[in-house]
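Right, one structure below, let's go through it.
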């Protein structure tokens with residue numbers, strides 16, 4: 001049983017190595033980092049202008065709905081896409097990169113939760 005388990009793990013890692021190049025992985029990581037950096041910049045500009053920041057409610061938007069910050073989108077791997085500002089989850093058409101990107105987004109969302117208030 002242990003040999004079968006090890007074989008499955010090795011096969012999965014080999015498939016991941018062939019499916020995703022390091023450039024694709026670093027591009028996905030850079031995209032996720034820039035999304036959270038944009039949240040910070042938008043929030044900082046509001047505070048800098050002395051305006052009362054809009055009250056953002058954590059997990060108040062579903063996938064496909066309009067959003068302003070990542071923390072508004074429901075789902076551990078959901079983020080606010082920065083072109084049309086809608087909640088989405090898909091990072092890449094490559095399933096391995098998509099899974100990796102969703103994991104990175106989930107970690108980033110855990111860090112950036114303080115931008116939104118709990119309801």
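The backbone N, Cα and C atoms fix where each Cβ goes, and this holds for glycine too.
Neighbour density for residue 74 (disulfide bond): within 10 A of its CB lie 14 other CB atoms from the protein chains shown. Residues or ranges marked as disulfide bond by Swiss-Prot on the basis of similarity to another entry: 59-74 (among others).
Residue 67 (disulfide bond) carries neither a helix nor a strand DSSP state and counts as coil. Per Swiss-Prot, the feature disulfide bond maps to 67-80 (among others); the stated evidence is similarity to another entry.
The Cβ of residue 116 (disulfide bond) has 20 neighbouring Cβ atoms from other residues within 10 Å, across all protein chains displayed. According to Swiss-Prot, the feature disulfide bond maps to 71-116 (among others), an assignment based on similarity to another entry.
Look at Swiss-Prot and you will find 73-87 (among others) tagged as disulfide bond, backed by similarity to another entry. Taken residue by residue with DSSP, residue 73 (disulfide bond) is part of a strand.
Under the heading signal peptide, Swiss-Prot lists 1-19, citing sequence analysis as support.
Taking a C-beta cut-off of under 8 angstroms and a sequence separation of 6 or more, residue 73 (disulfide bond) has the following same-chain neighbours: 59, 61, 62, 63, 67, 79, 80, 87, 88. In this view, residue 67 (disulfide bond) is surrounded by 23 other Cβ atoms within 10 Å of its Cβ, with every protein chain counted.
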